[in-house]
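Enquirer: Mind looking over this structure? Questions follow.
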C-alpha cells in the first residue's frame with residue numbers, strides 16, 4: 001500500500017458532536033425534560049434573566065440550570081442562591097459549550113422529571129451557533145445597549161434561534177433604541193424568529209416569556225408541564 | 001475561534017478512517033464548506049496546520065471546496081443563490097428566504113499513502 005490513493009469519506013465535521021447531541025435529546029425526551037440553549041454576547045443579561053425566571057417558575061415544575069463560562073463559578077452560584085440546582089461548566093480556552101459537556105453536566109443534575117433545563121451558553125455570538133447541544137431550541141438574548149444591527153453582524157446566531165428576547169427594555173427610552181429596526185434586521189436573517197421584550201431588572205415582559213415557554217412545552221408534551229401550572 | 005474545535009473534529013475523523021482503512025500518512029484533506037456555514041476558510045487553514053502537527057495528518061494540504069449558499073424565496077417561489085444570510089432575494093428583493101443549501105461542513109475525501 002505505498003501508492004497514493006484518494007478515498008471518499010463524506011463525513012460531517014461536527015458529526016461526533018451531532019451524535020452526542022442526539023443522545024442528549026433522547027435523554028431529555030425520556031425524562032420529559034424541555035431544554036433551552038440561551039445564547040448572547042457577554043453582558044446581555046442572560047444570568048439576570050435566568051435568576052428571575054427560575055425564581056418565579058421553580059414552584060411550578062422542576063428546573064435545572066447548566067452554566068457555561070470560560071472561568072469562575074459565579075453564575076452557577078447566583079442560580080443556586082435561588083434554590084434551583086445549577087452545574088457550572090468551565091470551558092477553559094473554549095469559546096462554546098459542546099454536546100459532551102452538556103451530557104456530563106446533565107448527569108450531575110437531580111432528576112428533572114417533566115421539567116425544564118436551561119443551558120446558559122458561553123457569552124459569544126459566533127461559535128455557539130454551530131454546536132447543537134440537544135436542546136429543543138436556542139433562545140438568543142439581545143439587549144437594548146447593543147447596536148440594532150447586531151442580527152446582521154452575527155447572522156448565524158439569529159438564524160439558529162427560535163426566539164429573540166430583547167432585554168433591558170426599560171433602558172430603551174434613554175438609549176433611543178429602535179425596536180422596530182432591530183426586529184426588521186432579525187427577520188431579514190430569520191423570517192420565522194419570534195420576538196419578546198423583557199427587562200430582567202424590572203420584570204417587565206416576563207409573563208409573556210413564561211407563556212411562550214409553556215406553549216413550547218405543550219407542543220413538546222401535551223400533559224406534564226402545562227398541567228403543573 | 002471555533003475553527004480550532006472544527007479542526008480537532010477533522011483530525012478525529014482522519015484518525016478513525018486511518019484505523020479502519022489502514023493508511024499511514026495523509027497527504028491532503030479535502031473539505032466541502034458551504035458559504036452559509038460557520039467557517040471562515042482562512043481561519044481554518046491557519047488552525048489546521050497547528051492541530052495537525054504530530055498527527056497522521058502532519059504537513060497535509062488542506063483543500064477547501066466552497067459550495068454556494070442557496071435559498072427558496074417564498075415571495076417569488078424559486079431557488080436563488082445568496083452569499084450571506086441577511087441578503088434579499090436577488091430576483092425580487094424579499095427577505096422571506098428559506099435556506100436550502102450551503103450550510104455543509106464536510107470532510108469530502110483524503111489523499112493518503
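Backbone N, Cα and C atoms are what each Cβ position is placed from, and that goes for glycine too.
Where the annotation comes from TrEMBL, it is an automatic prediction and has not been curated.
Pasting the feature list from TrEMBL:
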| type | residues | note |
| --- | --- | --- |
| BINDING | B:2 | Ni(2+) binding site |
| BINDING | B:73, B:76, B:89, B:92 | Zn(2+) binding site |
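What does the local environment look like for each feature on the list?
Expert: In the three-state DSSP scheme, residue B:2 (Ni(2+) binding site) falls into the helix class.
Counting every protein chain shown, 13 other Cβ atoms lie within 10 Å of the Cβ of residue B:76 (Zn(2+) binding site).
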Enquirer: Would you list the binding-site residues among B:73, B:76, B:89, B:92 that come within less than 8 Å, Cβ to Cβ, of chain A, in the order they occur in the sequence, writing 'none' if nothing qualifies?
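Expert: Among the binding-site residues B:73, B:76, B:89, B:92, not one has a Cβ sitting under 8 Å from a Cβ of chain A.
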Enquirer: In whole Å, how far is residue B:2 (Ni(2+) binding site) from residue B:89 (Zn(2+) binding site) when you measure between their Cα atoms?
Expert: 29
Enquirer: Per residue, counting other C-beta atoms within 10 angstroms of the C-beta, which of the binding-site residues B:89, B:92 reaches the highest number?
Expert: B:89
Enquirer: Nearest to residue B:2 (Ni(2+) binding site) by Cα distance: which of the binding-site residues B:73, B:76, B:92 is it?
Expert: B:73
Enquirer: Near residue B:73 (Zn(2+) binding site), which residues of its chain come within a Cβ-Cβ distance under 8 Å, counting only those 6 or more away in sequence?
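Expert: Once residues fewer than 6 apart are set aside, residue B:73 (Zn(2+) binding site) is near B:79, B:80, B:89, B:91, B:92, B:94, B:96, B:97.
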